[in-house]
Structures are given as structure tokens and as C-alpha cells.
Amino acid sequence: AVCVSLLGAANIPPQPLNLLQFKNMIQCAGSRLWVAYVKYGCYCGPGGTGTPLDQLDRCCQTHDHCYDNAKKFGNCIPYFKSYEYTCNKPDLTCTDAKGSCARNVCDCDRAAAICFAAAPYNLANFGINKETHCQ
């Protein structure tokens, strides 16, 4: 089940449902807030180039590649594809049909959330200048 608080929602721009689901998966698998990953390293957040800075940054690079692979299956747009999953902290289970776009995207997000939870967090890699550190 997905629970989303609408308190303060007037100040939050609308986001694709998938990104909300991914945020909730991150919270289910680990203890860090999703915002800790938005500007981390070379690959966490929008885009990504260069060599990943550490294990956590590699999790984000792998997630990017997973989404790229999901896009190869028909009309699958990962950022906008909602999916079904269950959270039994810290376990995540994707429940859509295997091979479907929704399942592929869910599997990408699940793997990333688990990877994030297992990876050490280096505060020095948050908010770096990607132009100078990610060549």
C-alpha cells in the first residue's frame, strides 16, 4: 500500500506517480530520506556522466541503465509508469506481471532502493559540482 501525505501539498509541484512510488520504496528499504539521493554524486538525480564516485553513485548509474533497458520494451516510459508493489519493511515485492513494463520499472526501483540502503553514504559527494567531478 502506498500512503502519501497531502499536508503542505500546495507547495509541492505535481510529480509523476512513479517518482512518488520510488520515494516510498527508498523509505521502505532503508532509513535515509529520498532527498539525500537527489543531488548525490555523478548519477543520482537527473542525468549522469563520467565515473561513479562510490558504491552509492554506482547504484544510481545502474538504476539509470535499468530504466534505459525498460524503455526498449514497447511504449515503456519509466518515469511515468505506475506499478504495484508491497512493502514489509525492509522487504519490497513487485507484484505486476513478469515481463510487463510496470514490473520492469518496479524491479529497477526495487533494486535501486535495496542498493541505496546497503551502500555507505559519503556526505562529501552530496551537491558536488558535476562539471568538475564527473568527467
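Including glycine, each Cβ sits where the backbone N, Cα and C put it.
Remember, predicted model here, so these are calculated numbers, not experimental data.
Per Swiss-Prot, the candidate among Asp54, Asp64 that belongs to the Ca(2+) site alongside Tyr43, Gly45, Gly47 is Asp64.
Recorded disulfide link (Swiss-Prot): Cys60 to Cys44, out of the candidates Cys42, Cys44, Cys76. When Swiss-Prot is consulted, the disulfide partner of Cys28, picked from Cys66, Cys76, Cys87, turns out to be Cys87.
Disulfide connectivity taken from Swiss-Prot links Cys134 to one of Cys3, Cys42, namely Cys42.
Looking up Cys66 in Swiss-Prot gives a disulphide bond to a cysteine among Cys3, Cys108, Cys115, identified as Cys108.
Summarising the environment of Cys42 (disulfide bond), the number of other Cβ atoms within 10 Å of its Cβ, over all protein chains shown, is 23.
Apart from the site residues Tyr43, Gly45, Gly47, Asp64, the chain places the Cβ of Cys42, Cys44, Pro46, Gly48, Cys60, Gln61 no farther than 8 Å from the centroid of the site's Cβ atoms, the recorded Ca(2+) location.
Cα of Tyr43 (Ca(2+) binding site) to Cα of Cys60 (disulfide bond): a distance of 5 Å.
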